[in-house]
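Features as listed in TrEMBL:
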type	residues	note
DOMAIN	54-317	domain 'G-protein coupled receptors family 1 profile'
TRANSMEM	38-62	transmembrane segment
TRANSMEM	74-94	transmembrane segment
TRANSMEM	153-174	transmembrane segment
TRANSMEM	205-227	transmembrane segment
TRANSMEM	265-282	transmembrane segment
TRANSMEM	302-320	transmembrane segment
Amino acid sequence: MNVLNENMTEADVENVLLCFPHQPDSCPRAHRFLALKVAVYVLLLATILMTVFGNLLVIITISHFKQLHSPTNLIVLSLALVDCLLGCLIMPFSMVRWLERCWFLGDVFCKIHSSLDMTLSIVSILHLSLVSIDRYLAICEPLSYRMRVTNGTVAICIAFIWLFSLTFSFGVILSEVNITGLENLLILSSCVGNCALIYNKESGFILSFVAFFIPGAIMISLYLKIFHVVRQQAKVMSERATVRRTSCEMNVQSSEQRERKAAKTLGIIMGIFLLCWLPFFIVTLTDPFQNFSTPLDVFDALVWFGYLNSTLNPLVYGFFYPRFQSAFKIIISKYVLRLSNANRLVL
């Protein structure tokens, strides 16, 4: 026998199911099995911690070792900073909003959060495009690479990415151009504690192409070009193979092997990017044409699948870049675990 249930009035039961029990126009709270809710909270918290600390490790590693101070790693450093901010400023609030189906922080912060969410996601995606451009120039145009790609040019590109993303995202959300023509739908779903970000047909189309399909097309086309060049280089090297090699030839081969490995890693990064973000942007593009029939839980799950891209980026560097592997080992052994033999490790 549950004494609490016997003593509760019908109004009390209704209040328990609301985001704000004392407001009659409050949004209803999500009904979820407790075990499932706890399990998802644990999973999402683990994802957030991996995102923050994984990218923080990349930031510390590149900042600490002068050997890693290069234009390419400046892009990686900036990408890690963006992904770390996403993990700190966006993902915790999105977690509560999804699982509780409530927004407890007011309309103003809802708009700020939505704008920052869009900004950081676009900045992260455009950084991946910048990485592919950098690798294309390094592998396909090596003679002019050092003259064209400097820390200054990379910094200018990063500043442009931030300026464009901030202007686009805050412009869309604050002007409410994304909800033009959806007034009737918004009135029906209006309640205190709602912070759903929806897009009409026009804004969904523009967002999908600006944030995903155009950068994705750039990445795919450049990677195919890189793959073609690397295959040609491998063919030439096999034809030149001899029993005895000079030290100069060995250095050239070693350099080309590094570039081939970099091309392979770029392909993995591109594959993860497409896998994580493609479902979300397909739904964003098509949902307005289907009268917004996608369930909220499905939409939020796809958002988090996109966030997962920021979680996996530092793992790619840790697993596939030997210098990052060595640097991570030194940082963790010397400064986290404080092992006595950490000083013997070299980059």
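Numbers here mean position along the shown chain, with the first residue as 1.
The backbone N, Cα and C atoms fix where each Cβ goes, glycine too.
Listed by sequence, the residues of this chain that lie at least six past the ends of the transmembrane segment (74-94) yet keep a Cβ under 8 A from its Cβ atoms are 44, 47-48, 51-52, 55-56, 58-59, 62-63, 105, 113, 116-117, 120-121, 123-124, 127-128, 130-131, 134, 151, 154-155, 158, 300, 303-304, 307, 310-311, 313-314, 317. Taken as a whole, the domain 'G-protein coupled receptors family 1 profile' (54-317) shows an average pLDDT of 88 in this prediction.
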